[in-house]
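This report concerns only the one structure given below.
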Amino acid sequence: MFSAAISVFVLATLTAATPMARGIIPAPPAGQCNVGTQQCCNSVQDASSDPAAGLLALLGINVQDVTGQVGLTCNPITVIGGVNSNCDASPVCCENNSFGSLISLGCVPVSL
């Protein structure tokens, strides 16, 4: 009886003392975005690059206000097996796609 009580106590102590990672956010699974939507962009560039900066200026957007990369001529990636389910160019997750398919802001690469 005494050994069973000791075993329960030791097991509870070991369980409570097991180190756990705190504050670490796991990466999203391949093909998923933490924020924004998946896009297939013909080109992904830094906001300060000439083509991206030119389009941003035409839209009245300050280059310094853009975080992440800029996707040019992007289309949404839909469910697997759909018409737009694959991407032969640059698959990215973008935060701001409110400019049609011309430009997407805040893009990060994603694996499909």
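Heads up, the Cβ atoms here are built off N, Cα and C, so glycines get one too.
Keep in mind it's a predicted model, so treat the numbers as computed, not measured.
Between Cys40 and the candidates Cys87, Cys93, Swiss-Prot records a disulfide bond only with Cys87. Of the listed residues Cys41, Cys107, Cys41 is the one Swiss-Prot pairs with Cys74, by disulfide bond.
Within 10 Å of the C-beta atom of Cys41 (disulfide bond) sit 23 other C-beta atoms, taking all shown protein chains into account. Cβ contacts within 10 Å of Asn96 (N-linked glycosylation site), excluding its own Cβ and spanning all protein chains shown: 16.
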